[in-house]
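Database features (TrEMBL):
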| type | residues | note |
| --- | --- | --- |
| DOMAIN | 1-37 | domain 'Small EDRK-rich factor-like N-terminal' |
| REGION | 1-32 | region 'Disordered' |
| COMPBIAS | 17-31 | compositional bias 'Basic and acidic residues' |
| DOMAIN | 39-61 | domain 'C2H2-type' |
| REGION | 50-76 | region 'Disordered' |
| COMPBIAS | 52-62 | compositional bias 'Basic and acidic residues' |
Amino acid sequence: MARGHQKIQSQQKNAKKQAEMKKSKGHDQKTAAKAALVFTCSVCKSQMPDPKTFKQHFESKHPKSPLPQELEGVEA
């Protein structure tokens, strides 16, 4: 086992290695999933990943509300 100065150097080297691994790991699944939710319903504020899902949601959950401008040309 390392002692004294060699032990301190080893700990510093390991801490640096761990920090680099953590930085290079990037993002986790939760962050990526949250970033993928681009569209937000103006009525209920729920979030959807794509316009097709958004239009299906809007037509089924809010049939009496007028369709938003961004969903006019989208095919469900």
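Keep in mind that glycine also has a Cβ here, set from the backbone N, Cα and C atoms.
Quick caveat, the model's predicted, so the values are computed rather than measured.
For the compositional bias 'Basic and acidic residues' (52-62), DSSP puts the residue distribution at 10 helix, 0 strand, 1 coil. Taken together, the residues in the domain 'Small EDRK-rich factor-like N-terminal' (1-37) have a mean pLDDT of 84 on the 0 to 100 scale. According to DSSP, the region 'Disordered' (50-76) comprises 14 helix, 0 strand, 13 coil.
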